[in-house]
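Feature annotation from TrEMBL assigns site 'Determinant of potassium dependence' to A:478. Look at TrEMBL and you will find A:39-58, A:64-84, A:105-138, A:226-244, A:264-285, A:306-325, A:345-367, A:388-412, A:418-440, A:484-506, A:512-535, A:583-605 (among others) tagged as transmembrane segment.
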């Protein structure tokens, strides 16, 4: 990433005017992020206090979760910040390159995207790995003890994911509101009232509009996928822990080349390899001809993407073969334990990769230029905005049909192959190429910005034509990227949902219990209300922008003649303030509801934590089902309206007549696009975070409701049993080391290490030693004890 | 009903032109219904064959279900037909009355609505009662035997409900498409292209438009509520049967003043009393002043409504006290059996009545003229159609918040009071005033039609002013009526859902099983796709209408000058044809999906009927949750747009300026209303039927998946045990009569009647007799045997 970054930054950043505009965008974006981070610091402090309370009450939740949470939040912010910095530096360099050559412009803009993709994926794997290693050593002394201990490790690690996803919520929602408020506001006054073109430097909101592309599509998307990535891998690790439990149930002496934790490490390793393959994939994205059209650019991206996907598939086969035992004993809910071959886990991973690929095609079909649904919307535009809107809504709604059948099939199939571990592995495999996906995604807004800079700097038309080609491809990848994001969010949520059920130790979630069913309804409602709030926020923020632009047009002399300089900064400020203000309520809704349900449930059923856990589970399921539906509906309807409008640029045939921009039908299509804007860029993409965060909050709350064995003993960490390899004669006689850890009020550990020899007939306790001290000291002593034996 | 009907028909039907127009509407409506019934006859035949196959395969499903199904279909058609006939006769009489007096116009239009309401409710109670009595005697010889026998009785009775709901599906969807195709088509050419006002006699589509009000709002709504009414009472009876089972489990000698089936009869009795109270309520609807405004008319309706609701509440108290034992043993899922007082069933009923009342207020708030949400939409209209649409969508979406919380609370509370029997009783109590609700609902389209006739007959303005007052109130009652309909559908579906679970004998529906979760997703998707299909259908059918009207304007000379006569019939035909064609696909979707899931499930899991039953249950839950959400969203968004548009008629204050009809803001509001039309009159209301029919199909399929005790014995009907009253010394010694029925291939019954004397210590078999013959003969013989003993 650093290599690519320094290469990009070394490129020519163009001359005076271009650089000035680019700097405005850079500063505006940073100003937003800084204001956002200030606000989020307060949120992180409040959330940390809440976590501290949970950790204080619940014996199995350790205070370290707060550290993990804070680092998750910081990493997520860092990922967004880094991506945005490089994107805002790359835009002007792309413009400069486009003055001479299209291939170079692609190389630079995609290079910027690659930096972001690798940064996000790298930070995710780094953060997860480091914290896993730290917690693994802290709680288990770096060796496998038992399922319960590992549960504590992973529960603490969930804090990292929670931190990442919380920041993602605000980045996505805030960024989404920002970008559309600036866009709609700039259009309403600029295009409609003043009659000046898009990206015209006389429009005071134009810088804010370009900043919006970065904070929404780059930083927001980056934080979103960072969150998905972390959550997916975490969920797969949690479920891997339960796979291990099932394996040990039938084979207590099980171990492997990874100290017995192969199933837990597998998802991280796949993620790590995915980054390598993404790098190879990004290297393949290039075009040679300066006269290339959209199709060539798109196919260059496709080649890179497919190569990295296929490499992940191949690598998964070998990794699964290497890291998992050939057959595993796996518990299928309601069907009992089954002996399954590890190849079935590979099949599940393939399901994930297929979903990732197919969802792009489905999205492409419903939102792509020249496709049947778009043509139908174009035709309906001839009878007015009303029929255009109905057609767009209907297209978005119908697009849920193949999408949901695909998801439902994927859930079913990957579960049938390898239980919920299979579902999580499907998600992990799909997410493995996140770096590549993000590179493809982030290159779009960079190209869009590059075009804006060309327009504002009044560069020759050919420059704009070249950036327009990149921008147009970027629009398609933005739509398919949203498909990928929601698919990953859906599978991630299900994996988290499964992890939640196993964490709480409930028997499943029975919607025939009325309180659970009631919460299913409530959960179904939340994404709808969340979307409405986000849409209304865009409307309010856009109106703020309209008033400011009107004021500047009136008060600054010579602004329309190009002699007066608009106050770009004021507009950036207004968008920033509005976005931060408006993201509060949706955020509160997301975080508040699960907590309210648990509190209400515990109040009404004080002795029935199991029912409360099921209620929360019903809520999670409701949010997930409804959230996925509304995400698909809104993303695809928005994308369809957008491209229906774009169709008029090249001209469309309506009732036998060629119709162009400026016609009544085009105006109707513009109205549709106005409705679609918040759909596809604000409320639609927010659904991803809503469903993931809901399930993560559930996971973090789970220990309160769960009935871990440990909590029965009142221990801070539960008893831990290390079973070492059979010592002398195969299975007939083996040695067992039991380590029982208790943590006192000061955080010191009292560990009782017992060594026993077990034969078929009897168990003979040979040694018992007690160690006391800080966790680190005790681990050290145990290690010494083992060495000396 | 007959009295009111003959009174309405005796009223003055006006002079030549008015009568002619009214006749056109009457004939158009009948033409549609006849064409529809022809098509539905084919459907009923196919469905009957499908039921025959089920009955042949499944031992516990009896062939008589086909008879019940056909009668259900006929009754539903009859209810719609009757309502429409009276509505199309009343419209012109209302116009005539409005020439002289507003109070009289209200009396007549509401009288027409009353005829319809009483007809629908009367047919429902009549059909259910007669078939229950017939099946009760056929299968059980008219005396309580045991739970299993009663299950067979109620399963067969479910056929009646299935027939009613199937017809309702097509009536609602077909009617909804018809009315909006005609409305939108007439507006697009008439108002927009030709510039002539609404209801102008020169517009060929104007009769079709008025016919549409009748087939959609009258016949469609009638069939919808007829279906809800029957399904609710049926579901309550099914759950009453299980209440009885629980009671008998703790007290095997239980009986009451109703032969031991009080809990089963209670819902029917409440429904019957509800009709009486509705009659009283309708008598109170009157105004005295000729200068009354909307508020007075509305409050006259409210008084009638509330009086009937309060009377139902009071009666419920006494009925529940009289018909249920003072305390009952009731099984709560996962919580074991509890001893509950029968007063808690009354509380559950009150929950239902409260929901019915509150839902109207909530709907009124989000869609009512002058309320905050409507004013906000009006303000947003000033910046164009785009912002108007966003505001309307957001309003519909946000309105799900209080509505879903209300439903969720109602489910939870009524279940907490008295289990799922409580939920069903809540629905029954709410539905008890269906006759009154329908009267209020149906009066709206009658007044609308009356206004249309006044316009078309070119009567003085004051007539139109009077009918407009009624029409305006009718619009409000239409919106609140939709709230009532969806609330009833939601509760009914949950009651059916509960009945389904008990019928199949599964342990609940666990969404932690991946196939079940996958079906929850699929179920969530179906209402969305259904809505899209319905919306697209309206678009297509409206375009057909547009082309026809354009053709007539071009080809018929003098049509615009009023000298040429438009071919109204052609337009009616086109609407009819389009509606019937377009209702096929949504219908197929509704009926096909549950069947496909069961077939697929049985194919994949041939030995695990329980899992297949849970999958279907997951699907049902998905459809219900998503369907309720989309119904509320679409109904309220549509209603809000409609009234935002209407607000301009009296003038609205936007940014300090009074704005009227014809302004740009008004045009934006008209666009919103165009989008809202199919929302509120086609796809939104169809959701009710979709969710109810889905759950009913599940209920009818249930026996295939269920594991009834009987099927283990391979009996056509299960063993039946009649326990008679203790004969000699209290509980110490009692006599038991056991009747074991088997049905052979020819449908003949072999009944073994055993009489035993049971003391605490022993059971002595005193008599055993075997009777053979047709069911009727055997019942006769058993009755004789009992008499002679």
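Every residue gets a Cβ built from N, Cα and C, even glycine.
Note that the coordinates shown come from a computational prediction; the quantities given were computed from them, not determined experimentally.
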Given pairs 6 or more apart, does the transmembrane segment (A:306-325) have at least three Cβ pairs under 8 Å with the transmembrane segment (A:418-440)? yes
Feature contact check the transmembrane segment (A:64-84) with the transmembrane segment (A:226-244), CB under 8 Å, 3 or more pairs: yes
Based on Cβ pairs under 8 Å, which of the stretches A:345-367, A:418-440, A:484-506, A:583-605 lies most in contact with the transmembrane segment (A:388-412)? A:345-367
Take the C-beta pairs under 8 A between the transmembrane segment (A:264-285) and each of A:64-84, A:105-138, A:583-605. Which stretch has the highest count? A:105-138
One finds that other Cβ atoms within 10 Å of the Cβ of residue A:478 (site 'Determinant of potassium dependence') number exactly 26
Residues sitting near the transmembrane segment (A:484-506): Cβ under 8 Å, six or more positions beyond its termini, same chain? 151, 155, 221, 224-225, 228, 231-232, 234-236, 238-239, 242, 352, 355-356, 359-360, 407, 410-411, 420, 423-424, 426-427, 430-431, 437, 610, 613-614, 616-617, 620-621, 624, 627-628, 631-632, 635, 685, 687-689, 691-692, 694-696, 698-699, 702-703, 705-708
Other than its close neighbours in sequence, what residues sit by the transmembrane segment (A:583-605), given a CB gap under 8 Å and a spacing of at least six beyond its ends? 43, 166, 169-170, 173-174, 177, 515, 519, 522, 526, 529-530, 533-534, 537, 611-612, 615-616, 619-620, 686, 689-690, 693-694, 697-698, 701, 704-705
